[in-house]
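Colleague: Sharing a structure with you now.
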Amino acid sequence: MTHPAPTELLDLARTVALTAGALAHRRRTEGVEIAASKSSPEDIVTAADREVELLIRGLLADARPNDGFYGEESDASGGSSGLTWVVDPIDGTVNYLYGIPFYAVSIAVVQGDPDPASWNSLAGAVVNPTLGEVFTASEGSGAWLGDQRLHVNHDVPLSLALAGTGFSYEAARRVWQANVVGGLIGQVRDIRRIGSAALDLCAVACGRLDLYFERGLNPWDHAAGALIAREAGARVGALQADAEGRDLLIAAAPALYDQFEPVLTGLFERFPSDAGLR
Ligand code: LIP
């Protein structure tokens with residue numbers, strides 16, 4: 001099934017993400033309302049998360065009615081075009097709630113099922129409305145921050161790597177993740193917890209981080225950011241040849257990735273999850 005050029009799909013992703021970002025920002029200044037909690041009391045959804053996703057979904061359906069949709073805050077829908085939009089309306093919702101200027105609208109379009117293990121990412125946009133930063137990438141055309149081409153940091157030894165990571169909304173998983181970070185912190189330059197997987201991956205792409213890893217992410221958290229990191233020269237995946245996914249996502253320059261992988265494997269063995277978490 002033919003589809004438009006990735007650069008053309010990117011224009012749509014960027015335009016919609018900017019419009020959605022403006023709404024999210026406006027709602028932030030008006031005051032944030034928690035609508036509900038999801039997998040745990042810590043896992044909240046705001047009224048703005050839902051409103052912004054509705055806006056994105058409508059704009060994409062108007063422009064491309066035959067595409068599928070897979071978003072964090074609403075039911076997925078299939079399409080007949082072979083393309084699916086993978087959307088996180090506000091990635092970094094807890095930052096959004098607290099007014100920490102690190103949340104983002106994340107929009108990607110993939111070919112095939114919305115499953116990181118098999119999809120082919122064509123284009124992605126991540127917009128941080130507070131900083132006015134627009135990260136974009138399309139398949140084979142590189143990664144950009146505005147009109148600045150991005151490249152990951154190369155030739156960084158693990159001991160000098162600034163590593164980003166994140167923690168789950170499940171308390172038992174957070175304790176397990178913290179044990180792993182405790183085992184790692186003496187082997188890297190330092191750790192950063194930015195609070196948005198989409199912005200963590202963009203940070204690897206633009207060299208603000210040397211390495212990022214996290215367990216427990218949903219496809220919408222990383223769909224656009226992983227393409228942006230890849231197009232900036234990062235290797236993105238899990239352990240061995242596994243594709244990134246809910247189990248684990250690692251992103252770093254290839255040489256650093258190769259150094260980090262055995263260390264992380266060792267830490268997972270040293271700190272097996274008490275609660276049998278995978
Ligand atoms: C967030 C991720 C972050 C992770 C949080 C949460 P949300 O997504 O971007 O990396 O550590 O637990 O999953 O819930 O803000 O869309």
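Just so you know, glycine gets a Cβ as well, placed from its N, Cα and C.
Below are the features I grabbed from TrEMBL:
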| type | residues | note |
| --- | --- | --- |
| BINDING | Glu72, Asp88, Asp91, Asp221 | Mg(2+) 1 binding site |
| BINDING | Ile90 | Mg(2+) 2 binding site |
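Tell me about the setting of these features in this model.
Modeller: Counting every protein chain shown, the number of other Cβ atoms lying within 10 Å of the Cβ of Asp221 (Mg(2+) 1 binding site) is 25.
According to DSSP, Ile90 (Mg(2+) 2 binding site) is assigned to a strand segment.
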Colleague: Quick one: pull the CA-CA distance for Asp221 (Mg(2+) 1 binding site) versus Ile90 (Mg(2+) 2 binding site), whole Å only.
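Modeller: Rounded to the nearest whole number, the Cα-Cα distance is 9 Å.
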Colleague: Restricting to the chain of Ile90 (Mg(2+) 2 binding site) and a gap of 6 or more, list residues whose Cβ falls under 8 Å of its Cβ, or answer none.
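Modeller: For Ile90 (Mg(2+) 2 binding site), the qualifying residues are Ala24, Thr46, Ala48, Asp49, Val52, Tyr96, Tyr103, Ala104, Val105.
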Colleague: Taking the centroid of the Cβ atoms of Glu72, Asp88, Asp91, Asp221 as the Mg(2+) 1 site, which other residues of that chain lie with their Cβ within 8 Å of it, listed in sequence order?
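Modeller: Here the nearby residues are Val87, Pro89, Ile90, Ser106, Ala197, Ala198, Asn218, Trp220.
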Colleague: For Glu72 (Mg(2+) 1 binding site), what residues in its own chain, 6 or more apart in sequence, show a Cβ-Cβ distance under 8 Å?
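Modeller: For Glu72 (Mg(2+) 1 binding site), the qualifying residues are Asp49, Glu53, Val87, Asp88, Pro89, Asn218, Trp220.
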Colleague: Can you check which residue among the binding-site residues Asp88, Asp91 has the largest number of Cβ atoms within 10 Å of its own?
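Modeller: Max Cβ neighbours within 10 Å, all protein chains included: Asp88.
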